[in-house]
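Remarks on the structure that follows.
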Amino acid sequence: QDAGNRTLLTEFILSGFSSRPELQHLLFFTICFIYSMTLIGNLLICMVTVHPSLHTPMYFFLRVLSFLDISTASVVVPKMLVNILSEDRSISYLGCVTQLYCVVFLAATEWYLLAAMAYDRYVAVCCPLRYPAIMRTRACLSLVLLSCCSGKVVSVVQTAWVFNLSLCGPRRINYFFCDIPPLVLLSCTDTSRYERQLISATVLVIFTPFCLILLSYACIISSILRISSAESRHRTFSTCSSHLTVVTLYCASGTLIYLQPKSSNSQDTKKILALIYTTVIPALNPLIYSLRNKEVKEVLIRVMAVLMKK
C-alpha cells in the first residue's frame, strides 16, 4: 500500500502563505522587491570585489558567498512568486526533489564557506606575517571546493533519506518550497529514526562549523585586544563583526527550522524563518558587508560614479 501510494505520487501542491489571501498581493510585491535587492546587491558585490584593490582572499570568499546567495534565492523565490498569484501551485515530484537538493546543497555549502571565511580572518589577524604564504590562491580554491563537496555529500544524503520515506500523506505541502520539515510531515510511517539522523546532520552542518567559527573569533578577539592602536582595533573588529553578524543570522534561523522537523504546531513559524533564511538574509548580506567595510564602500562609490557617467 505504501509503495503503491508513493509510486502514484507524481506531484505536490505548495500551499505557501494561503492562510491570509487578502495579503497575497502585498506579499508578492514585498518579496519581489527583496528579491530584486538580492540580485542587485550581490551582483554589485561580485563586480566590486573583482577590482584590483580588492584582490585578497577575504573578497574572493565574499564573491563566492554572493554567488551562493543569488543561487539560494533564485531556487526558491521565482517559483514562490508564481504560486502567490496562481491558482495552480503544483510542483512535480522531480521538481520537488531537485528543489530540495539545491536548497540543502547551497545552505550546507554556505555554512562551510562561512567557516572558511572565519579561518581566513583568523590567519589575517593572528598570523599576519604568514598570511600571504598560508592563504594563497590554491588554498582559497581548495577551501571553496571542499565546501562545495561537503555540501554535495550532505545534500545527496538528506534528499535520498527524505524521498525514501513513505510519502503517502496528502499531496499538499504546508510550505512555499520543498524542504525537509514539511516533507517529513507527509510520511505515514515512523520517522523517529530519520529525525535523529537529521538532528545529527544539523549538528554536523551547523554546529560544527559554528563552533570552529567561535573558536576562530575567540583567538581573533584576543589578538585585537592586544593591538595598541585604537583605529586599527576598530578597523579589524569592524571587518570581523560583519562576518559574525551573518553567521548569527544563519545559525539562529537554520537551527530553529531543522532541530524539530515534525513539529506541526510551529509550521507557520518555520515558514517565516525559512522566508528569512532563503529571501531576507541573502538581501541583507551585501548591506552588512558593504556598509561596515570601508574598502568595499570606496570601490562601490567609484564603480557607481563610473556607471552614472555612462
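Every residue, even glycine, has its Cβ placed from backbone N, Cα and C.
TrEMBL annotations: computationally assigned, not manually curated.
Per TrEMBL, domain 'G-protein coupled receptors family 1 profile' is recorded for 41-289. Model confidence over the domain 'G-protein coupled receptors family 1 profile' (41-289) stands at 85, taken as the mean pLDDT rounded to a whole number.
The transmembrane segment feature in TrEMBL is assigned to 26-48 (among others).
Among the features that TrEMBL reports, transmembrane segment is placed at 60-78 (among others).
Taken from TrEMBL, the feature transmembrane segment covers 98-119 (among others). Note on the transmembrane segment (98-119): residues 58, 61-62, 64-65, 68-69, 71-72, 75-76, 79, 91, 143-144, 146-148, 150-152, 154-156, 158-159, 162-163, 177-180, 183, 205-206, 209, 212-213, 216-217, 243, 246-247, 250, 254, 277-278 of its chain, located 6 or more positions outside it, place their CB under 8 angstroms from a CB of the stretch.
Marked as transmembrane segment by TrEMBL: 140-163 (among others).
Residues annotated as transmembrane segment in TrEMBL: 199-225 (among others). Using a Cβ-Cβ cut-off under 8 Å and counting only residues 6 or more beyond its ends in the same chain, the transmembrane segment (199-225) has close neighbours at 107-108, 111-112, 114-115, 118-119, 121-122, 125-126, 154, 157-158, 233, 236-237, 240, 244, 247, 251, 254-255, 258-259.
Here the transmembrane segment (237-260) has Cβ contacts under 8 Å with residues 58, 107, 110-111, 114, 117-118, 121, 125, 179-181, 198-199, 201-202, 206-207, 210, 213, 217, 220, 224, 266, 269-270, 273-274, 276-277, 281, 284-285, 288-289, 292-294 of the same chain, all six or more residues outside its ends. Residues or ranges marked as transmembrane segment in TrEMBL: 237-260 (among others).
Sequence annotations record features per position, and here TrEMBL assigns transmembrane segment to 272-291 (among others).
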